[in-house]
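Annotated active site, proton acceptor per TrEMBL: HIS121, in sequence order. Here TrEMBL flags CYS129, CYS132, CYS154, CYS159 as Zn(2+) binding site. Annotation comment: TrEMBL describes 1-253 as domain 'Deacetylase sirtuin-type'.
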Amino acid sequence: MDEQVAELAETLVEADGVTVLTGAGASAASGVPTFRGDGGIWGSEFAVENFTLDRFERDPRGFWEDRLELHDRMFGDVSGPNEAHRALAWLEELGVVDAVVTQNTDGLHREAGTQRLVELHGDASRSVCVECENAVSTEDALAAVRAGDAPPSCPEFGCEGHLRPDVVLYGEDLSEAAYGSARRLAWESDVLLVVGSSMTVEPAASLPVEAAERGELAVFDAAETAKDHLADYVVRGDAAETLPALVEAVQAQMPGMEKARSTREATRVR
């Protein structure tokens, strides 16, 4: 691992553009359960069909009652950002990482300090009205559900619309704006760093393929992934341990850190 990390660090420092794609593995150390794979909650604890767009439209009350249970299971024991989130935020602060694209909805990258963030699947901490698009805290929406008021209603005066989680539900397409931004970042980057993603769920799984055609691909994951064969660098292990090691290696490559950071910030693509 040490040799791979050192080589990757040199590549990142010299690259003109670096984008990070994260999946559930990036948040595992924070206590967020995964949806798929060993220990995944889909199938073993929750039925996917209960959280589809069709279910929300047919049975909004039942959808929200199930969503309350899912939310508590997903985020009830979350300890906040872990060392993986903080490492990526620090790499951005150093001017090495240009943006983070995440498949996660937990908001932990933002909480850790990441500034340029694309949330492909939305933000579970926010809910929106289906009529007026007014945004409210999901905790407020869930408080109404706990009180027996499901589905929660929009608090905007005169609006009678229902609230829904501001996430991509099963049966929905990704936001064109979000996915368009992710594709552009991946294509324009010299390096795509994938952290904690199995890279099996489309359309996000296509991003590493497109990135590998343009530049270099690095994979940080505890297990084998579907795109390892395309990767120039593969680092095994818990992201909360391997990414801090990458930060250390990057810093070792940047003795003139502040000068390098200033130069990179002035030239990075916005």
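Cβ from N, Cα, C; glycine included.
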Neighbours of CYS129, CYS132, CYS154, CYS159 excl. site residues, C-beta within 8 Å of centre, Zn(2+): VAL130, GLU131, GLU133, ASN134, SER153, PRO155, GLU156, GLU160, GLY161, LEU163
Candidate with the highest Cβ count within 10 Å, taken from the binding-site residues CYS132, CYS154: CYS154
All-chain count of other Cβ atoms within 10 Å of CYS129 (Zn(2+) binding site): 20
Listed binding-site residues among CYS129, CYS132, CYS159 whose Cα sits within 10 Å of HIS121 (active site, proton acceptor): none
Residue, out of the recorded positions HIS121, CYS159, whose Cβ gathers the largest set of other Cβ atoms within 10 Å: HIS121
DSSP three-state assignment for HIS121 (active site, proton acceptor): coil
Confidence summary (mean pLDDT) of the domain 'Deacetylase sirtuin-type' (1-253): 93
